[in-house]
Amino acid sequence: MLDIRLIRKEPKECEARLQKKDPSISLERLLDLDKNVRQLKADSESLLARRKALSGQIHKAKVANEDATPLIQGVNAIADQLVAFEKTLQEQEALLLDLMARLPNYPDEDVPVSPDKSGNKIIKSHGEIPTFTFPPKHHVQLNEKLQILDFKLPAKTSGSGWPAYKNEGVLLEWALLTYLLNKQQAHGFQLWLPPLLVKRDILFGSGQIPKFDGQYYRVEDGEQSLFLIPTAEVVLNGFHSQEILNEQDLPLYYAAFTPCFRREAGAGGSHERGLVRVHQFHKVEMFAFTTPEQEEIAYQKMIGIVEEILSELQLPYQLSLLSTGDMSFTAKKTIDAEVWLPGQQAFYEVSSISKCGDFQSRRSETRYRDAQGKLHFVNTLNGSGLATPRLLVAILENYQQEDGSVVIPHALRPYMNNQEILLPKTDR
């Protein structure tokens, strides 16, 4: 959520900043509604003052044994007006809140301005793209002999986009997750296994709704709707909603492992088959609550952790500074870490690390008290540390051998009983 006071003060400047993300944004209706709401509040306060004055006159009239009927009628008329004003005010405030809730975060000044991902800027490349002496296979082809994934059986139970891991695929997945969690703990992150279902107001607080309403799996629990989380960012942000933190306790670094659920699997087309785009996947999420002064330090820390992971896994990767047209709704700046997938002949995002400023904390009402006792909204940051499906794809495709076997990265071997290679089933 943006600060309405800044929009009132600098409407043209705010509109121009928002149009960098979405050129169709106009603040005209919002400003008109805001003006109406403030006028209604002022009129209501005037009526309340008038009613109070009349009530005083009624009391005096009764003490003096005078006829107070006209005064009482005046008070009753004001009461009727106030009821009408209150109804109109509630309606106008709801409309204003909805408009405010649909405005994205302002992009930082150093973010490239572009309508889409074509404006993304590669800021770092690391590692060599592998060259093979044989035609490299897509991970779905590799799996035909490895048999560590199953796409057909879960399609029976759940539909397309819901793969299952099996055999050594399970062990490799858990090796990855254990390695990732250990890495987060080593860097001072508090580990969490949080709930997977959240209330609607928690989705609102993280910025998922109302902008993307209808894109999440929903469960009806009596009179309350609960939503399966698309990312642990949602629940970690919600942990401190409507709280006042102490400045000396900041920054707070959290890391959570969760399954994540998204309805848009398959949106990338048939070429993104297999694990590249799915409805359910595992992810370790990093999240931080900071002061504005701590924000950049936390941001670089998160980026550094992601780079350390990809370097230790010896995967070729690049860092991309996302343009305004490719950034998320809540982010003011995002850097994507992208790994090379030989099966796609392209780099694919495995982590997005974003600064959100006070955008989420205004929605969640998460503040901190400084040494002088003054209250401020916290800054929030989030980043994948990492999502495993594409990471697993990257390992299978980059470490594949001509015979269809896959070498296990050295960093993961301690978590797989020092196993060094995945062999095709026919070779076992």
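Note: Cβ is positioned from N, Cα and C throughout, glycine not excepted.
According to DSSP, Thr231 (L-serine binding site) is assigned to coil rather than to any helix or strand. Swiss-Prot lists Thr231, Ala232, Glu233, Glu285, Ser384 with the feature L-serine binding site, giving sequence analysis as the kind of evidence.
The feature ATP binding site is assigned by Swiss-Prot to Arg262, Arg263, Glu264, Val278, Glu349, Val350, Ser351, Ser352. Its Cβ taken as reference, Glu349 (ATP binding site) is surrounded by 15 other Cβ atoms within 10 Å in the chains shown.
The distance from the Cα of Arg263 (ATP binding site) to the Cα of Thr231 (L-serine binding site) comes to 12 Å. Remark: of the binding-site residues Glu264, Glu285, the most isolated position is Glu264 (fewest other Cβ atoms within 10 Å of its Cβ). Comparing the binding-site residues Arg262, Arg263 by how many other C-beta atoms lie within 10 angstroms of each C-beta, the top residue is Arg262. Taking Thr231, Ala232, Glu233, Ser384 as the binding-site residues under consideration, the smallest Cα distance to Val350 (ATP binding site) is found for Ser384.
Proximity to Arg262 (ATP binding site), defined by a C-alpha to C-alpha distance within 10 angstroms, is shown by the following binding-site residues from Thr231, Ala232, Glu233, Glu285, Ser384: Thr231. Per Cα geometry, Ser352 is the residue among the binding-site residues Glu264, Val278, Glu349, Ser352 nearest to Glu285 (L-serine binding site).
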